[in-house]
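According to TrEMBL, the feature active site, nucleophile maps to Ser234. According to TrEMBL, the active site annotation covers His299. According to TrEMBL, the feature domain 'Peptidase S54 rhomboid' maps to 166-315. According to TrEMBL, the transmembrane segment annotation covers 120-139, 170-191, 203-223, 235-254, 261-283, 295-314, 326-347.
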Amino acid sequence: QLDPENTGFIGVETFTSLVHSHELPLDPAKLDMLVALAQGNDEGQVCYQELVDLISSKRSSSFKRAIANGQRALPRDVLLDETGLGFYKRFVRYVAYEILPCEMDRRWYFYQHRTCPPPVFMAAVTLTQIIVFLCYGARLNKWVLQTYHPEYMKSPLVYHPGHRARAWRFLTYMFMHVGLEQLGFNALLQLMIGVPLEMVHGILRISFLYLAGVLAGSLTVSITDMRAPLVGGSGGVYALCSAHLANVVMNWAGMRCPYKLLRMVLALVCMSSEVGRAVWLRFSPPLPASGPQPSFMAHLAGAIVGISMGLTILRSYEESLQDQCGWWVLLLSYGTFLLFAVFWNIFAYDLLGAQIPPPP
């Protein structure tokens, strides 16, 4: 009756009066978003398909464009003004303001967020790293500088250039750590940054970014530091951290996380200190060792992956990556690097006559 020509549109005033007169059970937050979207177009009309998408928690292409263009203001106060929230919902709101730069994105995430599936990837990786560290620490009775213990480097998880044919080592080295300080640093960042990122962007995107950083780290070491082994999850950690920090910088005006400048400086200082420590252990080992100490190049490789590929992932909240040309360019570049690294590990060591230390 309200759309006799079956156009799929009705005026926003007509829709609002319809909602109030019939007392339709619509979520007030989603109703606000729909009205805000209608006010953002030239005709001021409500689209039926947009209504269906919004009620089913699906963002249509027009809704995505409206968010990207930022052409309409929210009719209600910002999310921070919400009162009477429980502990978990306050935590979800905190995550929204930590990760997302747009108020509409924050509200969308806050109201459509579900506890299932939980952010299990980062928690599982961190827990596995802690268990592996405790097992080796108790077995060897050594909790710092574990790489100086010959039995530690015999682990089937450690990447060693003499065991390049065992391909799983290019990933499993992330479960091993030099000592308690490296494990603590990585675990803290994974939980403080990785878990909120996974809550917002989902397990598939964040696990892909983390593992891409880990794999890029080991392959970069195999190319640039051909004699060095590798342990620690720093490649994945730096991919997450650099992607998040780059996203904050790119959206500085829209980010509402408190003390963002101070936190940015502290994060950069901590990350730089960790890289400096890794360089020191590589070239000036404090104890005599039977072979070269783990390389630091995984940190830098992870940071490059985060700034390039990770920034694209984080900027595309709730949007399909496959629809973006930049994503395919980055994916092709990463695939080319992987292919080059594979051929390098197969042929370059013999052609260059690299003096590889004997594997433990």
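Each residue, glycine too, has its Cβ placed from N, Cα and C.
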How many other Cβ atoms sit within 10 Å of the Cβ of His299 (active site)?
23
Mean of the pLDDT scores, which run from 0 to 100, over the domain 'Peptidase S54 rhomboid' (166-315)
93
